[in-house]
Structure formats: structure tokens, C-alpha cells
Amino acid sequence: MTELLLKINCLVHFVFVKEIPSLTRDELLETYLNASENNSFGIDTIKATRRFREWYFVNMTSNNSYVNTEDNYDMKRVSTVERSHGWEPECNSHEGSYSYEEAINLAGNGWYNRGLLAVLSMALLGMGIDIFGFSVIVTGCTCDFQLEHYQKNILLSMSFVGPILTSYLWGYLSDTHGRRASLLIGLWVSFLASTLSAFSANWIMLAVLKAFSTSFCSSAQSCTYTLLGESCTQKVRDFYMLLMTSVLMLFLLSYVVPGYYILNMNFSIDIGLMNFTPWRLLTIVMALPLGISAIGLQLCIESPKFFISVGRQDDAVNSLQAIYMKNGGIKNKYPVRNVYISQETSRKGEGKPLLQSLKDQTFPLFKPPLLRRTVQLFFLTSVIYSINNSLVMWMPSIVQAFAYGMDSAGAGSMSLCEIIISTQYHNTPVDSLTCTSSLEERTLFSGIFHGLLFSGITVCVSKFAAHKKALLIAFLAIPLVSSAAAVLNQDEYASLVLFVGMMMTNLCMGVLFSYYVELYPTSHRGMAACLGVMVARLSGLAGVNFIGSYVMTHCAATFYAFSAYLFCGIVVAYFLPAPVAKTDAECTNEA
């Protein structure tokens, strides 16, 4: 015991007088570890010995007899010991230098992060309304433009064509010019184009403007998750992403409710070149979330991790300090002066031809070691979006089919397939004597039900964000069982429940894009996520056309195909990496 106290005394002496006693550094540190693990001395000594750790990493890097790694002096063990005494670990390099995770944790989780969550959630909701809500606009303008069936199909396809054509560009811009900058351009241009489409003179002009609008708002699908994930502490990262997804789940409610009330208005105002009718007002109202989120984003900060990835170290530190202060921190008290990440930083796109820069951003995604993850995530994206988008786009028709099925003779003994097929006998041609451009109450109620149900479920499961792999598999398994059971079931009410179960693939979206943020290096994260959006829109477009043309003639086969496709998705999801466990080493500074 005397020898132990003597060694500790020497260590404390070194801390305060900055001289190395006769004991070797190996002996000093081993003594510190053994004593602290056995609780042989107090917290004050632990605090003092941190200066020994700092001195070691600053001064011994050039000494060939020592290696500047955690393995040599087992600094992970040191951090564990310190945490057991109530102290959080400090950086393992020179003063003021921190890893990115340590730096963002020190910036804290406060009002800025919550405000960023609100702004990005609004942007994501605006994107959902702009893309999927266009089906209500098409319904509203049917009488004004006397739309034929093929014209309606072309218009509905425009919502998907735009994102497919431009997702690659958004990925490149996000990784080379910033997440916030790309998102600002996308939101402002989309808002203006969507608003302008309210004054379309014909259906062709409406189609072109809608393709233009969705081309820009599609940046929100990937940039929002990336910006949020890189601006929040690891403790709340997955939780916030699922909360943002829960807001996205309100997209159907957000356009069906105003659509029902506005399209049921009866007015026509002559403004010169055209009459201003309800569907034009609805178009402007539905564009507002894009404009509101664009204004809010002006007050937000670019991702510090993006700045690091392009070699702008000072901007990264300034961004982190700004986040710290907006979260309630005191000016000049933020300790970070230098930030590093595990990936090698480079200045993407600077001094390179455009094609070479595009190649450098894209090719690594399709080569080892990223190839496997790219194939996994793209396949899961195609599974989720092809099934979900097709069901969402055709949901009003399917709800109407349920209503007709339940009102008809023999109600109570029809399968989901029989109810869906019955819609073809109740469709009213556009050129009939009475043209209707309003929504039915059943569509209103289905939109409210969909929004509240899936948003509520997402909020509830967000508490289990740490188990996102299990959540993803569960949200794929429920639609699998529902699709197979829907073929065999003969009860309308049970069919409705099974149809809701089939739509639960939309709960996978937030979990899936959290993997895009987690599995790719910062310098390629935006490109990977945006290419994922392109795969999503291609899958959605294929799904809508597949459901529309095939389900009427081969309904049972369609549902069985869904089940098989979902089973493949579960197998692929099983091989995703398990979530990184959060330890006490991941400091938090909750505001």
C-alpha cells in the first residue's frame, strides 16, 4: 500500500510541477489504472492525471520508444475507469482537438437541434405533399382541362419523372457544395414552380411545371436526413430521424383535408387569361410548406461534418461553435479548436474537370468496400417504395372500392381482391354529363385515418430507435403476412385491416435513410442518399403502373408477389450491421 501511495504521489507531483519523476511512465499509468479500478484514490487524483494523458499524447508522438495509439497505454480502459468515477472522457490528442462525435456531443442537444428538426420535418412534409398530393390536383383540374384517362396518367407520372432525372445531380451538389445549400436551392425553386403551376393554361403546362417542381423538392428526401444526422448528437440521432419520418406520415392527411374543403368550394374568378377556380387555390396552399421550410432553413447552419469532409476546418469549428451557442452555450467556452473524422479529407471537385469530379463521387459507391452496402440499401429501397407508393397513390380508389363492396349485396363475404376488382364497374367516365372535381368524404376520412395511425405508430416506435434493424425487419414482416392473408380472407372489415397492414412499409422509410447516413463516409453520403431517392422514385413509378394494370386481372398473384418480394427484403435486412451501441463514452450535453 505504501508503494502504491508513493507512486500516486509521484504522478500527482508530475501533474503540478510538470517534471517526470524517476518512475517510468509505464509504471505511472499502470499504477493509475490499478488504483482507480480498485477505488484506491479519489476523483481529484483522477482529474489531475488527465494532464498526464494530455502530456503523453502531445509530447511523445516523436519519441520512437512510444506509440501514439490507444493500444499502447490502453486509453479506452482509462476512459472506462474515469466514467466509473463520474467523469466523462476527454479527447485523446492535444488540447482542443476532438473527434467529430466528441465535438458534436459537446455542442449539445438543445433549441437549435429541435428547431432544425422542425424545419427539416416541414421540408420533408412539403416534399411529400408536392409529389403525392398532385393526385388531388389532377382530380381538381379534371373538369377545367377535360382530361382523358391517358392524360391523367401522364400527369400522375410527372411527380416521379422529375426526381428520377435530378437525384444524381442533388447527390453531387450535396457532397460538394453542402447539404444546406442544396436544400435551400431545392426548396425555393420548388416552391416558386409549384406556385406558378397554379396558373397553368393547359394540362401540358401543368405537367411540365410539376416535373420541374418535384425535380427540385426531391432534394429534401436525402438532404434532410443527412443534415439532421450530421448536426445532432448520437444519443438523439436515430430518435430525431424517426420523429421526422412521423411528420412525413402526415402527408396524406395534409393534402386530403385542405383538398376536400377547397375543392368543394364553388367559385370561379376571371383573372384575364383564365378563371381562378378552387384547384388553383389548392395548388398554392399545398406549396406553402415548401416556402415556410425554405425561410426557416435560412436561419440554420450548414453541416459541420460536410465542412470537415471538404477540408474547411475553420468553417467546421465555427459551425460547431454556432450550434453550441444556439443551444445555450456561453461564448468562447466551447473547447473545440480542431476536429477530425476517420475518413481522409479531400477537397471534392476543386481543380478537377466536372466529369472527373462526378466519377470520383459516384464510382466508390459501386466498388468494395461500399458495394455490398449499396446493393443492400438500394434493394431494400426498391422493395419499400415500389409497394408503398403504389398503394398510397391508389388508396382513394381502393377506399372507394371498399365502400362499394360494403354497400353491395352480399357485403361481409368478399375478399380484398374482389372488392378492388369491383371498382372497374363503378368508374364514371370523364366526358359524362356531370363532371366532378371534388373529393368524397370517404377519401377525407381515409386520409385522416392514414395520417394519424402511421404518424402515431412512428412516434411510439421512435423510443426504440436504438433497435432500428429489428424495427425494419418487423415493418417488412407485417406487410408480408398481410399480403398473403388478404388473398385468403373473405371478410370486408378484416380486409381493411389487412390493407392497412400492407401499407406499413411506409414505416420503414425513416429507418432506411438512417442507414444511408450511418453506413457511408461523409464525402459520399449525399450521393448515396440521392441515388437512393432515384431508386425509390423509379420503384414507385414502376409500382404505380404495375398495380394499376396488373392488379385488376391478377390480384391474387400480385399480392403473392408482394409477399415474396418482402421476404427477400427481410433476408437482405437481416445482414445489415447491428446498430452501434451507445456507451457512456459518447458524451452528451443536454440543454
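The backbone N, Cα and C atoms fix where each Cβ goes, and this holds for glycine too.
Curation plays no part in TrEMBL annotations; they are all automatic predictions.
The transmembrane segment feature in TrEMBL is assigned to 116-142 (among others).
Marked as domain 'Major facilitator superfamily (MFS) profile' by TrEMBL: 116-581.
The annotation transmembrane segment is assigned in TrEMBL to 154-173 (among others). Residues 130-132, 134-135, 138, 147, 181-182, 185-186, 203, 206-208, 210-216, 218-219, 221-223, 357-358, 361-362, 393, 526-531, 533-534, 536-538, 540-541, 544 of the same chain lie 6 or more positions beyond the ends of the transmembrane segment (154-173) yet place their CB under 8 Å from a CB of it.
Annotation source TrEMBL lists transmembrane segment at 185-209 (among others). If one looks beyond the transmembrane segment (185-209) by at least 6 residues along the same chain, the residues whose Cβ comes under 8 Å of a Cβ in the stretch are 123, 126-127, 130, 137, 141, 145, 147, 151, 154-155, 158, 170, 173, 215-220, 223, 273-274, 280-281, 283-284, 286-287, 290-291, 293-294, 297.
Feature annotation from TrEMBL assigns transmembrane segment to 239-261 (among others).
According to TrEMBL, the transmembrane segment annotation covers 281-301 (among others).
According to TrEMBL, the transmembrane segment annotation covers 377-396 (among others). Within the chain carrying the transmembrane segment (377-396), a Cβ under 8 angstroms from the stretch's Cβ atoms is held by residues 132, 135, 156, 252, 439, 443, 446, 450, 472, 476, 479, 499, 502-503, 505-506, 508-509, 512, 515-516, 519, 528, 531-532, 535-544, 546-548, 562, 565-566, 568-569, 572-573, all 6 or more beyond its ends.
Within the chain, the transmembrane segment (443-461) has long-range Cβ neighbours (under 8 A, six or more residues past its boundaries) at 242-243, 245-247, 249-257, 260, 395-396, 399-400, 471, 500, 503-504, 506-507, 510. What TrEMBL lists as transmembrane segment is 443-461 (among others).
Look at TrEMBL and you will find 470-488 (among others) tagged as transmembrane segment. Within the chain carrying the transmembrane segment (470-488), a Cβ under 8 angstroms from the stretch's Cβ atoms is held by residues 380, 383-384, 387, 415-417, 461, 464, 495, 498-505, 507-508, 511-512, 555-556, 559-560, 562-563, 566-567, 569-570, 573-574, 576, all 6 or more beyond its ends.
According to TrEMBL, the feature transmembrane segment maps to 494-517 (among others).
The feature transmembrane segment is assigned by TrEMBL to 529-551 (among others).
Residues 376, 379-380, 383-384, 386-387, 416-417, 469, 472-473, 476-477, 479-480, 483-484, 486-487, 502, 505, 515, 546-547, 550-551 of the same chain lie 6 or more positions beyond the ends of the transmembrane segment (557-576) yet place their CB under 8 Å from a CB of it. Per TrEMBL, the feature transmembrane segment maps to 557-576 (among others).
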Applying the under-8 angstroms CB criterion, which one of 116-142, 281-301, 494-517, 529-551 scores highest with the transmembrane segment (239-261)? 116-142
